[in-house]
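*Asks:* So TrEMBL says this about it:
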COMPBIAS  A:1-19  compositional bias 'Polar residues'
REGION    A:1-36  region 'Disordered'
DOMAIN    A:137-250  domain 'TFIID subunit TAF5 NTD2'
REPEAT    A:517-564  repeat 'WD'
REPEAT    A:565-606  repeat 'WD'
REPEAT    A:607-648  repeat 'WD'
REPEAT    A:649-690  repeat 'WD'
REPEAT    A:691-732  repeat 'WD'
Amino acid sequence: MSSQISTGTPPASSQSPTVASPPAAVQDPTTNLSTSERVVLEYLRARGHGAAEKAFLEELETGSPDDKGKQPETIGAQDLVKSLAVFAEKPSRPGENILNESSNVLQQLNSMPNPPNIQSLIASIGSVGAEELLSLDPTDKQEGYRELEAWVDGSLDMYRPEFRPILFPIFCHFYLDLIQHGYKDAALRFFSAYSPSLSTSHTATLHHLSTLLLPAHVQNDELAQRFRNEKYAIRMSRSGFGLLVGWLTEGVGGEASGSGDGFTGERGKRGRAAVMRVVNNHLRFDVTSTNPTAVSPHAWEESTGLFSSLIPQPNASLKTLTNPHVFNASKGDLKLGPAPISEELRAEAERVLREQAMVDRDPTTPFDIQVNRPMPGPGMIAPTEADMLPRPSTFKTIDVEREVNAVRDARKRIRLEPTVLANVDADSPQAAALRARALPSICAYTLHDVAEGSPCCTFSQDTSLMAAGFAESYIRLWNLKGERLKGLRSDFSSSSVKDPASLQKIREKKGTTTRKLIGHSGPVYSVAFDPLSGSAAPPKYLLSASADATTRLWSMDTLTNVVAFRGHENPIWDVKWSPMGIYFATASRDRTARLWSTDRTSCLRVYAGHLSDVDCVQFHPNSLYLATGSSDWTARLWDVQRGSCVRVFIGHQGAVGSLALSPDGRYLATAGEDLAINLWDIGSGKRVKKMTGHTASIYSLSFSAESSMLVSGGADWTVRCWDVKSAGGLRAKPRENGVIENGIRGYGEDENSETVDLLATFPTKRTPITNVQFTPRNLCLVGGVYQSTESR
Amino acid sequence: MSSQHPPAMSKPKTRSSQGSHTGIYKPDAVKDTADSLSIPISDSVASALASDVEYRIHQVIEEAGRFMRHGRRTTMTTSDIDQALRVLNIEPLYGHSSHNPPTFRRALPFPQMPSAGPVYFVEDEEIDFDRVLREEKIALPKGVSWTAHWLAVEGVQPLIPENPPAIPREQDGEPGMNGMTGAGPHLNGVGAKKSVASQQQQQLVKQVLSRELQLYYARLTSSLLPPSADTTKRNAALASLRNDAGLQALLPYLVRWVGEGVVNALGEGSQSESGGKVLEVLMDVISAILENHTLFVEPYLHQILPPILSTLLYSSLPPSHAALLRTSAAQTLSRLLTQHSTTYPSLSPRIMKTLLLALVSPGKGAGTREGAIRGLVGVGKEAVRKGLVESGGAKVVGSECERGVGEGLETAVLDALRSLQPQVESDMSDSLDQSNEADANVYNHLRDVLGDYFAERVSTDAAWARELANIPIS
């Protein structure tokens, strides 16, 4: 529910209520001109505003006597206002600005015995000037912000977490206003005075704003324009909102002790008017009926911010959607169940499994393929064959092998049950045994002697190959089993190839366990092995994405580049295969994600809607949906076929750098530059929980095969294991003297502490972890580049 | 651009400290540039331009930050800036590679213009091509390689060199300790741990005796040695030393005290009665220490052995105590060897060597020889055989006995040889029969190894003689 402050009336009319004279009174100018001049001059002199007085006199002198007939209108209406405005720009006596008292002036002038033409002059000042002047006055904003801050800090503990988020948008708007009107010095003073007290979670935005110094910057900067054109959403309880309205209109409540005459004075009123203007024009309040203390500490992240452009707007309805949950709900249910498997393939795989069971003389092993396939959970709709992306109607041997091996993997999988650790004391004797049941074994692959850095690495599903992309534009391939990599030669006649044996003949004679793949002309940001052969055989293809705006497909048979996919205009940050192969998706700096298939060089779909770089991309396990994370701080879920956005996930306070979808298709985990990992329920689009503990950027996320555990790796040289199912939340703080500290840390504070669902932290020596992934049997592989101490 | 004004590259930390100055990029810099192109510009224009330049630099840096993030780095490099310029459609800056990041040097401050602040410039090294070409030291960098190790095995991080040392639990659970942002939290953890370990070591070294132990030590030493002649007190002290636990901290002091006591007793009043008494007590102390199961003596063996061996081998012990002292020293030695020779396999050979030297080498006193023999008995049967029979110790002693040095020596030898006597049920023992050919052979053999003097004495017992001559009993 959203509402505007209806009680807020334009400040000008509220401050000059007496001005009601009709403009018809401007008919007899000449007679009383001197009187009006004298009144103004006398007033200016009395108040000691020499400069303004001089300006006024000059205005009068330049006007020739014969012009006097029309002078009153021109001077009175515009020039006087202008000269006052000029005066306002350089306050000779800070703190006692003429504009500060402009309403006083009006009142005093009103109270004098005035002839009607003066009244008309005042009227013109009142209607034309006052509001303009007010919005131009730099000190007004300082004052207004100072009072708002004092009011928020002086409010009851219960309401303070609700009120604190107001400060940030108002600060931003004031700063932008000041810059816009050319008060650079005042803006910088304002910034340095008040930015330190704002929440640390806004540091990045604040820094960005601080780089805007000229009106032209504000005009051109995207973030500034978003602040200008969109409404900043803030959630507030009904009672809190009432208090805010009360303060804005009457200046009551929440006075900090020792703040002088408080907010009731004229200046306070004018400061509040400035705040009010921002509140009316740029903020939108979601007034909830919930108790302010009942809201979870991080709830503000989901409900505070510039939303209207983050949320895709349906074309048909005129009403703009401003609540992500409303949007998510409007998109209906998603088909999150596992992808269907064709009947023939299933039958064939079962036949093979049965045969193997006979050979192994172990008829008890379940060979029913369905047993080991993930079942759609309660409330999840499984897609049908008709929903799927087009794929070949017939299956190949490798498909059968893949399915057979998937069953075998499921049988031999290490079961990870982090829930057993939930209520166990870490020091108790059985804890060690339980840890072994709950936590994975992690094998770390460390790259040494990397000159300029390796932005990515990946392992094939059968763990036979590792590929790493390097900043020096090449990809290196390693065989982890120590076998030689032998490509097919290119100098052979196709007629000589008849059977697999002759194909082996045309392989290279020599080979090493590593191979350099050269083709890109910029840093390689992502590599991915094709999933078609699963864990049954080595992959056939490798995809790589680079800063040169191309995605390249490499054949693992020939060890050469076979296709370059062009279409993106900017560096490509990420590339991922669809779980069924054939299709893949890329994420680029050009703010789009695209869908491709390996047999076409142009893209099939463009997913546009993010407001900034698309940093990461990942398919849903059933290939129906595509999840993207972006530098606009959101993650989105797209319908792959229709190309429309079906979910938006708002809550991160920084760019979303990596994401992972759980194999059961239920959860999305995103990691942001705010060093938090958010877990989302895809179906409802709501955040399940926020997991914190990392101390530097998180580079990679991966779910275990049972979706019960999440593993993350990042720039803080650690690998961390998280319990997906537990409730999470911050560790209960020791309470001092029985005081519950819950209230204050609600907004942007306490960001770095670990949540209770952090099961284990495994530090490496000096290796930022660039890739984390689980094998089908739940062994965790991590990769990273060792940073030798002497280099940078 | 970036090379001329490096402060812009760093984050605007200096903003607040610069007070009235707005922004980082100074209008003066714009004016300087304009002057160099001889374009006159006004202050306000320069200021506006400076603000704009600053904004553009920030734009580039913000863009470069994305490249840094996607490059999985935490340090921005010149290549990031290049990439950023490229996507912003600006010509990249040439000549900056991330292989050798430029080093900025701070120029000496200008005294005439203190307001200018610090000035930085890029160090531009001059390369002499002749020299570079001559030296030909261009080595290819090592290729990228990988290693694999277990970061965790079933949730437990193995303590292998590839993994960082474990961080103590308390620290692990305390988010404040390693909750700092940026890279390198574990380094701090490791450092803290190391310092703790070294602290513990230092504490071990500096460990001070508690007041109680100091008192105990003073009482113990005073009651053991004369002038205190109270035997009950002395026995009580020895019993305490033999049985009490918790004396480990005192052990180094006690061992040193014994060592010094023995040296003093032997050096000064060796011939006197009191010296003998002192030595007796000290031997008792050593055996008491060895008997105490709660003491960990092994580290101090090298300090305990010299007093024992000195007492054993000293030539001129007070005659009244000589035999007793040597016997008790030999017994102590025996106890020590049985206790510790298993952990120190080299212990008995080394002692053997010392004893043999004392036994065989010419010019030693009878006391020394006797002590050595008693020591050999203490070491064991094999030592006696080796020392007296195989190394010809008996021959040497026998020739000295023939000269009539002392009967103590003779009894000692015979005692030692008797330890080799086979256990025979019957008390009756027949002597070697010279007429018997076999017995004659034995006797001749005995004379060869033991010398005439002892061969004669041993020959009274045929079984003994055969055993000594290493001929099985017929």
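Placed from the backbone N, Cα and C atoms, the Cβ positions cover glycine too.
Bear in mind that TrEMBL entries carry predicted annotations, made automatically and left uncurated.
Can you walk me through where each of these features ends up in the structure?
*Replies:* The DSSP breakdown of the domain 'TFIID subunit TAF5 NTD2' (A:137-250), given as helix, strand and coil counts, is 90 helix, 6 strand, 18 coil.
Across the residues of the repeat 'WD' (A:517-564), the predicted structure has a mean pLDDT of 93.
Beyond the repeat 'WD' (A:565-606), the same-chain residues lying 6 or more positions past its ends with a Cβ under 8 Å from any Cβ of the stretch are 339, 388-389, 391, 522, 525-532, 541, 543-553, 612-619, 621-623, 626, 628, 630, 638, 640-641, 643.
Listed by sequence, the residues of this chain that lie at least six past the ends of the repeat 'WD' (A:607-648) yet keep a Cβ under 8 A from its Cβ atoms are 222, 226, 305, 309-312, 324, 327-328, 331, 334-339, 374, 382-383, 387-389, 573-580, 583, 585-589, 591-595, 654-665, 668, 670, 672, 680, 682, 685.
Outside the repeat 'WD' (A:649-690), and at least 6 residues removed from its termini, the chain residues within Cβ reach (under 8 Å) are 201-202, 204, 298, 301-302, 305, 307, 310-311, 324-325, 327-329, 333-334, 336-338, 374, 377, 379-380, 612-613, 615-616, 618-622, 625, 627-637, 696-703, 705-707, 710, 712, 714, 722, 724, 727-729, 748, 751-752, 755, 757.
Taken residue by residue, the repeat 'WD' (A:691-732) breaks down under DSSP into 0 helix, 21 strand, 21 coil.
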*Asks:* DSSP helix, strand and coil counts for the repeat 'WD' (A:565-606)?
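*Replies:* Residue counts for the repeat 'WD' (A:565-606) by secondary structure: 0 helix, 22 strand, 20 coil.
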*Asks:* When the repeat 'WD' (A:649-690) is classified with DSSP, how many of its residues are helical, how many are strand and how many are coil?
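*Replies:* DSSP classes over the repeat 'WD' (A:649-690) add up to 0 helix, 25 strand, 17 coil.
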*Asks:* Based on DSSP, tally up the residues of the repeat 'WD' (A:607-648) by helix, strand and coil.
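*Replies:* Secondary-structure breakdown of the repeat 'WD' (A:607-648): 0 helix, 24 strand, 18 coil.
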